[in-house]
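Visitor: Quick one: the structure is below, and I'll ask about it shortly.
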Amino acid sequence: MAMQSETPGNPASTVDPAEIAKFSKLSAEWWDPTGRMAPLHKINPHRVAFIRDAACRKFDRNPKSLNSLAGLRMIDIGCGAGLLCEPFTRLGAQVIGIDPSATNIAAAKVHAEKSRLLIDYRNTTAEAMDPRERFDIVLAMEVIEHVTDVGAFLGRCAAMMKPTGLMVVATLNRNWKSFALAIVGAEYVMRWLPRGTHQWDKFVTPEELTRHLQNSRLAVTEQAGLVYNPLADKWNLSADMDVNYMMVAESAG
């Protein structure tokens, strides 16, 4: 399959070309639950449940329903190969997945076709999206630690929300613990990810993320951490936000 440019041109883009190249190399491994993306596969059910439950509370839906998100428009910014797009499509959402890496989008399209799912995948950036498009749910999961300007990026994400919509952001805290676990542990000891996947100085503290969201006229309504138990080899939602964490934000009115 022929690939187009990896970085859709946009003068205001917050995309970092080096980050795109890094994740493009991993595109063939996205859907291997035992490969380098194994940690994402293990945390994915918890991410899906957290987002689903937040959306159901917001839009008065039954989280136990197989179509709990039916009719809701969702965009997953930096969707990779679609690990979140597919489960939310199965829950009834109308999903658009965007990624600046053409190879990631190609991998996403192939897997969606195999899974017989209709997902609108686009090789583009948040900044290049039609400003008239609005969504009930905007996802920016494990993305902001890879952009060049967090505030500008989140401002663009906020502009894509409907007035009654919500945004969910996931990222990594910046402290000694996240350096030890997310970089030394994940990249050098466990070798879950290639060395250099993350840059510790680009991690974002919950306080910083909250301020960025407030600057975009959003208010944080929910938050949770994701904690790894090495003895059980399992991830769980937790109040501990020292390393991986997620936030839900809505219009501050």
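Note: Cβ is positioned from N, Cα and C throughout, glycine not excepted.
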Visitor: From the candidates ASP99, ASP120, ASP201, ASP233, give the one listed by Swiss-Prot for the same S-adenosyl-L-methionine site as ARG47, GLY78, MET141.
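Guide: Matched candidate out of ASP99, ASP120, ASP201, ASP233, per Swiss-Prot for S-adenosyl-L-methionine with ARG47, GLY78, MET141: ASP99.
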Visitor: Just jot down the residues in the same chain as ASP99 (S-adenosyl-L-methionine binding site), at least 6 apart in sequence, with C-beta under 8 A of its C-beta; none if empty.
Guide: GLY78, CYS79, GLY80, ILE105, ALA108, TYR121, ASN123
Visitor: Looking only at Cβ atoms, how many others are within 10 Å of the one on ARG47 (S-adenosyl-L-methionine binding site)?
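Guide: Its Cβ shell of radius 10 Å holds 24 other Cβ atoms.
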Visitor: Going by DSSP, give the three-state secondary structure for ASP99 (S-adenosyl-L-methionine binding site).
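Guide: ASP99 (S-adenosyl-L-methionine binding site) sits in coil per DSSP, no helix or strand.
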